[in-house]
Amino acid sequence: MPKRTDLKSILIIGAGPIVIGQACEFDYSGAQACKALREEGYKVILVNSNPATIMTDPEMADVTYIEPIMWQTVEKIIAKERPDAILPTMGGQTXLNCALDLAGNGVLAKYDVELIGATEDAIDKAEDPGRFKEAMEKIGLSCPKSLFCHTMNEALAAQEQVGFPTLIRPSFTMGGSGGGIAYNKDEFLAICERGFDASPTHELLIEQSVLGWKEYEMEVVRDKADNCIIICSIENFDPMGVHTGDSITVAPAETLTDKEYQIMRNASLAVLREIGVDTGGSNVQFAVNPEKGEMIVIEMNPRVSRSSALASKATGFPIAKVAANWAVGFTLDELRNDITGRRTPASFEPSIDYVVTKMARFAFEKFPAADDRLTTQMKSVGEVMAMGRTIQESFQKALRGLETGLCGFNPARRRQTEIRRELANPGPERMLFVGKAFRAAFTPEEIHEISAIDPWFLAQIEDLMKEEKSVSDGQLQDLDYAALHRLKRKGFSDKRLAQLLNVSEKEVRETRTPVKLDPVYKPVDTSAAEFATETAYLYSTYEEECESRPSDRKKVMILGAGPNPIGQGIEFDYCSVHAALPLRESGFETIMVNCNPETVSTDFDTSDRLYFEPLTLEDVLEIVRTENPWGVIVHYGGQTPLKLANALVENGVNIIGTSADSIDAAEDRERFQKVLNDLGLRQPPNRIAHNEEEALVKAEEIGYPLVVRPSYVLGGPAMQIVHSAEALQKYMREPVQVSEDSPVLLDFFLNNAIEVDVDCVSDGKDVVIGGIMQHVEQAGIHSGDSGCSLPPYSLSEEIQDEIRRQTKAMAYALGLVGLMNVQFAVQDAVVFVLEVNPRATRTVPFVSKATGQRLAKVGARCMAGISLKEQGVEKEVVPDFYAVKEAVFPFIKFPGVDTILNPEMRSTGEVMGVGRSFGEAYYKAQLGAGERLNPTGKIFLSVREEDKERVIKTAKNFQALGYGICPTRGTAQYLTEHGLIVQAINKVPEGRPHIGDALKNGEIALVVNTVSSDPQSVSDSHIIRQSALQQRVPQYTTTAGGEAMSEGAKSRDYLGVYSVQELHGRLKNRN
């Protein structure tokens, strides 16, 4: 069937900010869809609130709106652009829910807009648990025994029928949000209450437990002519009970017989037909009873998903691109497979001759109060994928790709006595505990009995533990070529072998090199080598023939960001992509190295050559040996590649851009202090300490309060503000790695200072300011968690000019070539330098979207020797509108975790708001972040003594908008003395009715709550913040945030929608 010619313009709804359950994979799918539809001549209109995405680059769509993804905003875009159709299946649950809202509110009918990719009925049938169950029964497939309910009484009645343990699944949510497994009535009531709040339809599925069953996924595509193929089968290492996003998964499925696979395959196709998915990809999840072989359907997603991205990267089949083509009428037989050079049709079912492992990356270290047990609610923040010829090789490569300090099956960090608990109630280290169990002489049968992990997987790990024991009992010289080759085939890294042999990694490498025991590289070709591939999409293994076939062109290698932990998110993938694209255009052959399957950087056509490998020294050096690049870029992937810089230089690798020595000069406290002294620039008083005694002495020299943190960090891990010697002593005794090589940094904390971020770019001769951003939250809140405005909304021009002068001076002094970020604090009109990062940082995408200057592209060209003048980049662009970046937090996923912001970064993503005023931009950023301010109600204020003066303006602003003001007694007295009419409210310990009751009763529209550093004050007010979080009431733990929201609320009835292209067009005309 040819493409539809009745459609001229198509609106794609993106997924919004990166949150747990919905990450970079939708940037990958959305970017593919934009490219596919534009190639076919359609006008593409895009809406997405996330500025850190590739899909929101102005070149990706004809018209791009970085606006909140809510039906009211999208209606304004539809009214302005008049698209013929909407494609909602590339934006995860966010986009599907928005599409259903548009339909339910009559917008689609009003503007005669068609849903393509999935019909409203297909979405509803797949997402509504009751309808889905009926559909499965109709085609003879079983589902777990379940009942859906809309009230707590209905839920209790349903639970009595299904028994304990009980699975609670809210409807129309992502990543299992709000759900869980209950083993008793108290847990059941708590999860149901949370689940009802999470479901937009206030609906729960109360389901029979199938804990311990094996879990499988089938990634399926289907077109309107009923052509269907299975792209990939995926098996979960973890049994049912762990969310598939958190589970270790392998592809293809390893423990199914052919007969079982064919049954599951046929069932998957039947599910798509019955649900009505006929223009795209879907993910169907099954559970299989390991004892009886009974198979049931768990759920399906009628859209591209996290598993779609994994299946695409695992096989090379571009699911999102093909799904976009089907949405406009193409059929499977009409499309060709790009990865085989279009030699094969897209209808050729992929087959693979390697094993793929996906492992999730967690961030529980950021949320110490969170429950780290893995359940049906997703908790991971990122993931890695590894490929190998054996599952053991694949497992071990995935472990070392996680960026958690592992180089294989390192011993788990918990006590021996916890083995049984860790196997029975899995946490983030459960695979290591399987290894630990084998080391402790558990039998495979015992481990299977406790963990329900399939015996075949256990046999693979048992064999690896036997190999480790054999290695550790010998010496390096005992390992001949055959023994080393066997170990490398099983995925053992040089570093892990070195640990087992008590030698250095270098010694192991030097044992391999003379006998030419090097990895070879094999292509991902979708056909298990049946057809030749023209794309260089490669993974390493230890076999005979290398199929990499490197060219003799001038090459630049870009090291990516890995699994995107908190502090190193999608922004760094954006920068990596923006290094590859301009360098390709400039004639270089680009080589990307990364291990994250969710990203655009690991799309096979982003760079000339893609190596899907862990970002470790060993793996990178082997690729360098194979490719012999002219230069390597370590500055765009965050701390992950930056940590390798010195070791790469020591091994003769040419790091282009800012030198490794200059990076060290900026990161090393003593060297950087000398740079600032030479330039006459100020820093807050600071010292370096290598142990507790030295820290206490030097802290007295500086004075309290202090910011303390380890050196060489990203995302502020282990960063705190301490107000006393006792607090510093406690910090030093926590598990923070402090030594001569890794000292702790002590900085005097500047109270009530304004923090400022500056991005700039240099070619080594000239420096251009990219943008100056004023933080909303005061200094002391991690810059990644603070809102920020470009241009600044209250800094004087004189201060901004001084910041420009200091930034350029530091860039010249450090010999900057490429990008640099500087963080300043301004206190009483005095500018202090906080830190300098001579690399790409998380603000680069935001600045680029706000100003139209493609900073990452410009910086990459500078590294390759192309001057700023040659690129036509000679002056700063200052917009005549405001752009506000706001952070998005995962607190709702971690009940009990306090929402107070501090120096340690905890946000997972970001959004951007654009407006004619700072208030409008800030308010839109809050909407994009999911905050919804009720038009009526009361504003609750409870602030510490030093914040009371500042909160007066906030109270007056909200009162002028018609809100009641209800402070706690101390704040109420202060506001009354300053002429405000308020109604005091009790704190929770002061008697009822109290603030907790008011929040539950829906009386409170917004909370502003600041507390002193005193632990008792934090503890006493914790219940207020938790209640606000549970009731989805906007809350601000800084007075600056509350004040900004009070300014923003003035604009709520006058919000416009602005395309990136029209904003950038205005800037070009001005400049």
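Keep in mind that glycine also has a Cβ here, set from the backbone N, Cα and C atoms.
Fair warning: this is a prediction, and the values are worked out from it, not measured in the lab.
Under the heading ATP 1 binding site, Swiss-Prot lists ARG169, GLY175, GLY176, GLN208, VAL210, GLU215, GLY241, VAL242, HIS243, GLN285, GLU299, citing sequence analysis as support. For VAL210 (ATP 1 binding site), the same-chain residues that are 6 or more apart in sequence and have a Cβ closer than 8 Å to its Cβ are PRO144, LEU167, MET240, ALA287, ASN289, ILE296, ILE298.
Taking a C-beta cut-off of under 8 angstroms and a sequence separation of 6 or more, GLU299 (ATP 1 binding site) has the following same-chain neighbours: ALA126, PHE132, VAL284, GLN285. DSSP gives GLU299 (ATP 1 binding site) a strand state. Under the heading Mn(2+) 1 binding site, Swiss-Prot lists GLN285, GLU299, citing sequence analysis as support.
As annotated by Swiss-Prot, Mg(2+) 1 binding site applies to GLN285, GLU299.
Residues or ranges marked as Mn(2+) 2 binding site in Swiss-Prot: GLU299, ASN301.
Residues or ranges marked as Mg(2+) 2 binding site in Swiss-Prot: GLU299, ASN301. The Cβ of ASN301 (Mn(2+) 2 binding site) lies under 8 Å from the Cβ of ALA126, SER282, ASN283, SER307, each of these being in the same chain and 6 or more residues away along the sequence.
Here Swiss-Prot flags 549-930 as region 'Carbamoyl phosphate synthetic domain'. Looking at the region 'Carbamoyl phosphate synthetic domain' (549-930) alone, the prediction's average pLDDT is 92.
Sequence annotations record features per position, and here Swiss-Prot assigns domain 'ATP-grasp 2' to 673-864 based on sequence analysis.
Look at GLN823 (ATP 2 binding site): DSSP puts it in a strand. On its own chain, GLN823 (ATP 2 binding site) has GLU755, VAL756, ASP757, VAL758, SER783, VAL833, LEU834, GLU835, VAL836 as residues at least 6 apart in sequence with a Cβ closer than 8 Å to its own Cβ. Taken from Swiss-Prot, the feature ATP 2 binding site applies to ARG709, PHE748, LEU750, GLU755, GLY780, ILE781, HIS782, SER783, GLN823, GLU835, supported by sequence analysis.
Residue environment of GLU835 (Mn(2+) 3 binding site) contains 16 other Cβ atoms, counted within 10 Å of its Cβ in all protein chains. Here Swiss-Prot flags GLN823, GLU835 as Mn(2+) 3 binding site.
Per Swiss-Prot, the feature Mg(2+) 3 binding site maps to GLN823, GLU835.
With a 10 A radius on its CB, ASN837 (Mg(2+) 4 binding site) counts 21 other CB atoms from all the protein chains. For GLU835, ASN837, the entry in Swiss-Prot reads Mg(2+) 4 binding site.
Marked as Mn(2+) 4 binding site by Swiss-Prot on the basis of sequence analysis: GLU835, ASN837.
Annotation source Swiss-Prot lists region 'Allosteric domain' at 931-1071, citing sequence analysis. According to DSSP, the region 'Allosteric domain' (931-1071) comprises 74 helix, 20 strand, 47 coil.
If you compare Cα positions, ARG709 (ATP 2 binding site) sits closest to ASN837 out of the binding-site residues ARG169, GLY241, HIS243, ASN837. Long-range Cβ proximity for LEU750 (ATP 2 binding site), meaning a same-chain Cβ under 8 A and a gap of 6 or more residues, is found for PRO684, ALA779, ALA825, GLN827, PHE832.
For GLN285 (Mn(2+) 1 binding site), other Cβ atoms within 10 Å of its Cβ number 21. Max Cα-Cα distance over the annotated ATP 2 binders (ARG709, PHE748, LEU750, GLU755, GLY780, ILE781, HIS782, SER783, GLN823, GLU835) is 18 Å. Across the structure, GLY780 (ATP 2 binding site) and ASN837 (Mg(2+) 4 binding site) are spaced 18 Å apart at their Cα atoms. Neighbour density at the Cβ, taken as the number of other Cβ atoms within 10 Å, is lowest among the binding-site residues ARG169, HIS243, ARG709 for ARG709. According to DSSP, HIS243 (ATP 1 binding site) sits in a coil region rather than a helix or strand. Nearest neighbour of ASN837 (Mg(2+) 4 binding site) by Cα distance, taken over the binding-site residues ARG169, GLY241, HIS243, HIS782: HIS782.
Its Cβ taken as reference, GLY780 (ATP 2 binding site) is surrounded by 20 other Cβ atoms within 10 Å in the chains shown. Of all Cβ atoms in the shown protein chains, 20 besides its own fall within 10 Å of the Cβ of HIS782 (ATP 2 binding site).
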